[in-house]
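Lifted from TrEMBL, the feature list:
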- Asp49: active site (ACT_SITE)
- Cys52: active site, nucleophile (ACT_SITE)
- His262: active site (ACT_SITE)
- Glu237: site 'Linear diubiquitin binding' (SITE)
Amino acid sequence: YKSSVSPEMDIMEYCRKEWRGNTPVAKRMRKGYEAVAQKFASIRRIRGDNYCAFRGTLFQALSQAIQLPRWMQSEDFTMLPENLLSEYDWIKQWQLKQKPGKKMGEISDEIKEYLTLLRKKWKSISEIKSPTEKQEACDKLFKNEEEEYSLYEALKFLMLNTAIELYNADKNGRRVPIFSWLLFARDTSSNPCQLMHNHLNHIGHSGGLEQVEMFLLAYALQYTIQVYRLYKYGTDEFITLYPNDPEEDWPVVILITEDDRHYNIPVRMCQETML
């Protein structure tokens, strides 16, 4: 198996290889990479298969995990599919990742398995003290396709759960983040059932995450996702935070994108130069 996160490469070397021309776009990309290179020395490329936002976020989260997130520790965590299915019958139409010869059948057990795997991997990697060994464990996990795609299925389900919570909170007059209004203001996702059918079911098959779904992922994981958006270099959207008013105690993962579709990972923070 080849890892879906390739080894480190010097960030400016990567940029020179990818953006040679003198078009305005190439010049902007080079400027963007130069700005990122002030903070990070290397880049790790991510396999582009419509899962790259999940892959980058999860890889970063696990690489720096030192404990199991609080919300993952609760007894209810793996009961989520059962509990949701007992209330929302339409979740039975969840599209499991295509498994040859596998009938749709009862999805609850299947998703429970994925959530259990997510918790197990997160726990075991967070308990590794040595940074080198932790990195090796992450690299190994992202070489195992079967496990990797099961983890993305778990992330999608957590996003659905968060969407349902936000939708209900709004209906009951409680305050919800602005992105939640935007999420449900789309014609294609005016409620969680439509969100599942028209968006979540397609992630990884025919599309990746849209901007507003990056917010949903951040909320589901209780992580701040900071993205260098290179094509926005020179504007105030060059560095975008999901959510843009993060909770102070949420850990931060950092991604880099040239077009809001494909994401890579910047690594090796440079030593801050003293002024």
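Using N, Cα and C of the backbone, Cβ positions are placed for all residues, glycine too.
Keep in mind that this is a model prediction, so the values were computed, not measured.
Cys52 (active site, nucleophile) sits 20 Å from Glu237 (site 'Linear diubiquitin binding'), taking the Cα positions as reference.
Across the structure, His262 (active site) and Glu237 (site 'Linear diubiquitin binding') place their CA atoms 17 angstrom apart.
Close to Asp49 (active site) in the fold, though at least 6 residues off in sequence, lie Gly204, each with a CB less than 8 Å from its CB.
Cβ environment of Glu237 (site 'Linear diubiquitin binding'): Arg229 lie under 8 Å away, each six or more residues apart in the same chain. Here the Cβ of His262 (active site) has 18 other Cβ atoms within 10 Å, regardless of which shown protein chain they belong to. Counting Cβ atoms from all protein chains shown, the residue listed as 'active site, nucleophile' has 24 others lying within 10 Å of its own Cβ.
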